[in-house]
Amino acid sequence: SATIRFVSLLGYKTDDSLESKYRRLKNQNLVPTKRLPDALIIGVKKCGTRALLEFLRLHPDVRAAGSEVHFFDKFYHKGFEWYREKMPATIEGQITMEKTPSYWVTRSAPRRVYAMNPAVRLLAVVRDPVTRAISDYTQSASKRPSLPRFEDLALVNSTVGWGGTWSVVDASWPPVRLGVYARPLRRWLRRFPRSRLLLISGERLVADPAAEMARVQEFLGLKRLITDKHFYFNSTKGFPCLLKSEGKSTPHCLGKTKGRNHPYIDPVTIERLREYYRPFNERFYELSGINFGWP
């Protein structure tokens, strides 16, 4: 109450953003400094990593790199000072973050991240691997209209004894391969304890973003300031949008590249993929300690 009276006297409104405003006032003499990340969003591609980052940007104690830096997969040779320069300036008490989904599947990434900071906090978003594969394909098809049908890429025909053909899943196709989450998770857990890696449900991030963000804020040691008041559901796009954000005070969604309509996929193909992923999903549930309930 004393803080509220003090800040009110200085002309600040005592609304929901009071705490962040007071923090800025209190730290106005501190010099912002570029630091290596305290937390990383390491994946998974087409599972909601962009949404997670934009939701986190709502928090006054989070500052994130503006684009995917790809340090731990492509530019590690440039060194940690180069990486530090790519980070936003922060003051004491703020978290520096970076998002590059390809870290999830980069074999050398866990070792390299550990060399930077063994105590770094890792976040990974996962979703039903079948839906993820279709979303991955949809993004590629939007850039390459001549791309073959999803069914023709996800399945291959194999000749069998009686001269007929039957379709099997092409496990080497990247959109299919990326949905086998247990393999990368095992690599990350060889370097980092389970307590340092938070797995986020892409489905829940859409269905109940406030609840999933509550888990994220707790994991990062942040005060719970991102709540349901920040979101509204856009029925046209089919996912939550922001009532306001760090850069905009008006309602807006993440952009036209998010929430693309998926093409019609033959149900037989979908069922073949579900059968393929089922044992891998079970291993992932066991390894992670979470049953995500995918079909």
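Note that the numbers count up from 1, one per residue, in the order the chain is shown.
Glycine is treated like the rest: Cβ placed from N, Cα and C.
What TrEMBL annotates here:
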ACT_SITE  LYS46  active site, for sulfotransferase activity
BINDING   LYS46, CYS47, GLY48, THR49, ARG50, ARG127, SER135, LYS258, GLY259, ARG260, ASN261, HIS262  3'-phosphoadenylyl sulfate binding site
DISULFID  CYS241-CYS253  disulfide bond
DOMAIN    37-278  domain 'Sulfotransferase'
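Annotated features, which come from TrEMBL, shown on the structure.
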{"residue": "LYS46", "record": "active site, for sulfotransferase activity", "Cβ within 10 Å": "23"}
{"residue": "GLY48", "record": "3'-phosphoadenylyl sulfate binding site", "Cβ within 10 Å": "27"}
{"residue": "ARG50", "record": "3'-phosphoadenylyl sulfate binding site", "Cβ within 10 Å": "18"}
{"residue": "SER135", "record": "3'-phosphoadenylyl sulfate binding site", "Cβ within 10 Å": "21"}
{"residue": "CYS241", "record": "disulfide bond", "Cβ within 10 Å": "21"}
{"residue": "CYS253", "record": "disulfide bond", "Cβ within 10 Å": "17"}
{"residue": "ASN261", "record": "3'-phosphoadenylyl sulfate binding site", "Cβ within 10 Å": "8"}
Relative to the Cα of SER135 (3'-phosphoadenylyl sulfate binding site), which of the recorded positions LYS46, CYS241, CYS253 has the closest Cα?
LYS46
Nearest-integer angstrom distance between the alpha carbons (Cα) of ASN261 (3'-phosphoadenylyl sulfate binding site) and CYS241 (disulfide bond):
16
Across the domain 'Sulfotransferase' (37-278), what does the mean pLDDT come to, as a whole number?
92
